[in-house]
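Student: Dropping a structure here in structure tokens format, bear with me for questions.
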Amino acid sequence: MPRFLHKTNDLEGSIMVKTRRARSLAKRESRNFWLYTSPWIIGFVAFTAFPFLSSFILSFMQWDVLSPPKFVGIDNYVQLSQDKTYFWKDLNNTLYYALIGVPLTIILGLAVSVLLSKPIRGINFYRIVFYLPAVFGGVAVLKLWTYLLSPGTGDGMNPGLINAMLGWFGIQGPGWSQDPHWAKPAVLLVGLWGVGGSMMIWLPALASVPKDLLEAGEIDGANRFQRFWRITVPLITPAIFFQLTMGIIGSFQIFMEPVIMPGSSKTWTDSLMVVLFDNAFRFYKMGYASAIAWVIFIMIMLVTLVNLYFSRRWVYYESK
Amino acid sequence: MSRNNAAATEKGTPVRRQSTKLMRNVRLMLRYAVLTMGAILFLLPLIWTISGSLKPPGEIFTVPIRWIPSDFQWDTYVRLFSVFPFWIYVKNTLIIVAFALIGQLASSVLVAYGFARFRHRLNGPLFILVLSTMMIPGQVTMIPQYLIYKELSWIDTYLPLIVPNYFAAAINIFLLRQFMLTIPKELDESAKIDGANSFGILVRIIMPMCLPILVTIGIWTINSNWNDFMGPLIYLSTPEKYTLQMGIYNLNAGRQGLTDYGLMFAASLVTLLPSLLLFAFGQKYFMSGIKIGGALKG
């Protein structure tokens, strides 16, 4: 046999060994991939995908859990659109929390973070103090705030801390939960107390703004406000976009606040989540409640998509 | 020309520097003043409630505010434990928190490791699926989940509150995977040469390096389960099984039709204490923050 054939054979053999080894390696990689990700995949199918689809189907059914479900078409959605006492009022409240609450949280959170961004002496103490209220959650905080916001007796005597503080400036505090115009701001105020928590997002964003850009602005004669508005804000738009999107999604899911610190009339404060909860777990109207869930979901999707669409015009990404 | 310029600036600097230095100091003082006022404003609600929990009933809502109680009612904190079954609620809550924590940490680490280290043509697409599930709000899946648990006869048990934690939350997978990607693969290789299998690499090499992010996730998991209200409200109906949040929610302490405000304050404050301790413990880990722009590109 000529030598060169030998050589080719040898070569072929080694390639075959190599590919076989590569194949078994790839096989092991793929087996490990499925093995390690399986907890999420199983959970996704059982607790997300399947419930997601079935809630869509349920929203076209009438079902009280006891008797078999009945297909009713779009009846649930029609019924919802005609429910002026709960659905429309609670939708209105939810939109209030989103449209007033989210911008307020972003502006105040950013303002606090700008104050805390300069590494001056003792800044860690201030950061901890401003962050602290965000650590607290659950029922207890809201309970305490019902007392903090207590308007006191009819003539404004014996108020909670907030109205007492307003009194220092000669302001007669509002009735908060007992006043139709102030019940929703009362709910938002508790959230604003925890606004320091957002420094986790803002501080790294502010720190990432290049110093030389700000100095260049200073040399060009821009004042502090102009430098912040024209240089810092455009550079932190990804963080603003993130906070806006997450904030809106979160505000559509407000539940605990209106349940624990309701207005004198629940219709002043109740959110869509509360109607959903009541229909599902108090009245066992599973189909109707599912329809509410889908209305919430579609609204969140719409807002997020609109947000995403317009983000191309105002969100700055480094790669651009 | 350039020499002239230099001379001019040299001449100009001292005056300018002095005035800017003064301005800077004024600005710094102003910054401290605003920060201090803000800090007081943020702390006052806490101080008012702590002082309120120690006051005799008639002193809580007085104007002007009496910050220091005339007579410290320390026994309010003692009474707290006899007025309602505080320790039973704490025990119930701790059972849920402990099992949730184990499940969430274990499953998130495994799944994140799968996404960070093993090549597969579906790795990318599946990871995008993980991220997109974060967009699905809980309420869409809540009702069918309830019906599933009902089929399994899990209603009025802790299982619906614990078991979902064993299937890794998307946000935790995301954070851990991003962190794991920054760990050099050479470390895996050297461990492999020493005879470690993939699980050994995870436990001995990857997990110790992920400690800061694991602590952060752990604190979040503990805090969110400790504070969970809607879950227990949906699934628990026997009062003996209530969590602390449910206990506080139903607590209406009072005598002769008068609300026992001091006790309500005290009960709420005690409930917040674990969050405070967790924060003190984990402060250095999660105060470093999360960078948005960079993190999302991954």
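Each position is counted from 1, following the chain as shown.
Quick reminder: no glycine exception, Cβ is built from N, Cα and C everywhere.
Note that this is a predicted model, so its numbers are computed, not measured.
Pulled the feature table from TrEMBL, pasting it below:
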{"type": "DOMAIN", "residues": "B:90-282", "note": "domain 'ABC transmembrane type-1'"}
{"type": "TRANSMEM", "residues": "B:28-48", "note": "transmembrane segment"}
{"type": "TRANSMEM", "residues": "B:94-115", "note": "transmembrane segment"}
{"type": "TRANSMEM", "residues": "B:127-149", "note": "transmembrane segment"}
{"type": "TRANSMEM", "residues": "B:161-180", "note": "transmembrane segment"}
{"type": "TRANSMEM", "residues": "B:201-222", "note": "transmembrane segment"}
{"type": "TRANSMEM", "residues": "B:261-281", "note": "transmembrane segment"}
Student: Find the member of B:28-48, B:94-115, B:127-149, B:201-222, B:261-281 that has more C-beta pairs under 8 Å to the transmembrane segment (B:161-180) than any other listed stretch.
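Tutor: Out of the listed stretches, B:94-115 contacts the transmembrane segment (B:161-180) most.
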Student: Please indicate, using numbers and ranges, the residues of the same chain that are 6 or more beyond the transmembrane segment (B:94-115) and have a C-beta under 8 Å from a C-beta there.
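Tutor: The answer is 123, 126-127, 130, 158, 161-163, 165-169, 172-173, 175-177, 179-180, 202, 206-207, 210, 214, 217-218, 221-222, 225-226, 228, 243.
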Student: So what's near the transmembrane segment (B:201-222) in sequence-distant terms, Cβ-Cβ under 8 Å and 6+ beyond its ends?
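Tutor: Those are 97, 100-101, 104-105, 108-110, 113, 117, 165, 172, 175-176, 179-180, 183, 187-188, 191-192, 274, 278-279, 281-282, 285-286, in sequence order.
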Student: Hey, which bits of the same chain come close to the transmembrane segment (B:28-48), Cβ under 8 Å, at least six residues off its ends?
Tutor: 65, 67
